[in-house]
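Enquirer: Encoded as structure tokens, here's the structure I'll be asking about.
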């Protein structure tokens with residue numbers, strides 16, 4: 001008998017197991033799409049719990065595949081679940097789950113990299129950026145091939161407060177290769193400290209929740225997988241445009257094992273490079289003999305703020321591309337070497 005005043009918890013009706021769904025629809029993980037299925041419902045439940053309280057929440061699951069995590073999300077009592085699946089082979093199995101939870105599931109056959117997330121959820125869920133996060137969550141066991149470009153895109157969305165973050169500080173709970181997760185959460189001085197560490201931590205609180213051993217997946221990947229949770233910060237730690245921060249951070253880590261001034265040099269054209277590098281480092285108060293992974297977030301902030309002032313004084317700086325200059329230089333050298341006339345046999349002897 002139900003307790004008065006309490007809403008009965010949602011329960012899925014008896015369904016074929018995820019393994020049976022895979023057999024029923026003859027599903028097979030495609031290596032070219034770096035697909036790995038998580039079939040253990042204890043682990044999918046644990047993953048979904050990391051997202052926090054999902055009762056009556058609106059959730060977007062990225063790449064649900066055969067629907068293991070999908071079942072755990074539905075069992076958490078969500079209000080609405082949006083499934084975005086690129087691989088058409090999984091749609092019939094997901095429709096079975098949709099029919100088992102009438103009115104709760106909306107399936108989109110499409111690519112998350114091109115899907116317009118600004119229209120994914122009802123407008124009434126929007127919250128001010130300064131408020132608590134909205135009752136919206138993004139959850140996904142991401143294919144390895146898409147995980148890094150996707151999180152970089154979403155971090156840019158966080159910076160601009162658009163895409164899935166037009167609703168406020170939408171939280172994300174996602175899987176990554178263990179090594180990538182370690183980069184996302186690495187502290188200054190750690191061997192995994194990287195561009196991803198700075199770009200994610202200056203915009204979000206990033207938590208490495210737990211590690212799922214590779215043997216829990218079908219097929220078994222060669223690496224373990226980690227579950228990472230992102231909560232956008234009210235104020236970014238570096239208050240500069242995303243592209244500027246990304247350019248500075250990428251340049252610094254370009255020569256990871258060398259002193260940081262070597263990477264910072266690549267922000268400037270060859271003409272006047274040394275003088276400008278010294279000016280940037282002195283003004284930002286950064287020791288040029290530190291390695292990139294030793295720099296703190298405040299030192300990156302100083303570098304970005306100083307570089308911004310230099311770009312304001314000379315707008316051509318921001319569009320300068322070190323790699324393009326290198327390519328042009330090589331091309332010019334090649335043209336010079338091929339345009340010189342060949343020496344005669346007599347000249348060679350002389």
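The backbone N, Cα and C atoms fix where each Cβ goes, glycine too.
Okay, so TrEMBL annotates it like this:
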{"type": "BINDING", "residues": "36, 38, 63, 85, 111, 141", "note": "S-adenosyl-L-methionine binding site"}
{"type": "DOMAIN", "residues": "43-234", "note": "domain 'Ribosomal RNA adenine methylase transferase N-terminal'"}
Enquirer: Can you tell which of the binding-site residues (36, 141) has the fewest other C-beta atoms within 10 angstroms of its C-beta?
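Expert: Output over binding-site residues 36, 141: least Cβ neighbours within 10 Å is 36.
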Enquirer: Which residue, of the binding-site residues 85, 111, has its CB surrounded by the fewest other CB atoms within 10 A?
Expert: 111
Enquirer: For residue 38 (S-adenosyl-L-methionine binding site), write down the residues of its own chain that are at least 6 apart in sequence and whose Cβ falls under 8 Å from its Cβ; none is a fine answer.
Expert: 44, 47, 68, 69, 141, 212, 216, 217
Enquirer: Sort out the sequence-distant neighbours of residue 63 (S-adenosyl-L-methionine binding site) for me: same chain, 6+ apart, CB within less than 8 Å of its CB, listed by position.
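Expert: The list for residue 63 (S-adenosyl-L-methionine binding site) reads 84, 85, 86, 112, 140, 141, 142, 143, 146, given in order along the sequence.
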Enquirer: Between 0 and 100, where does the mean pLDDT of the domain 'Ribosomal RNA adenine methylase transferase N-terminal' (43-234) sit?
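Expert: Summarising the domain 'Ribosomal RNA adenine methylase transferase N-terminal' (43-234) by its mean pLDDT gives 95.
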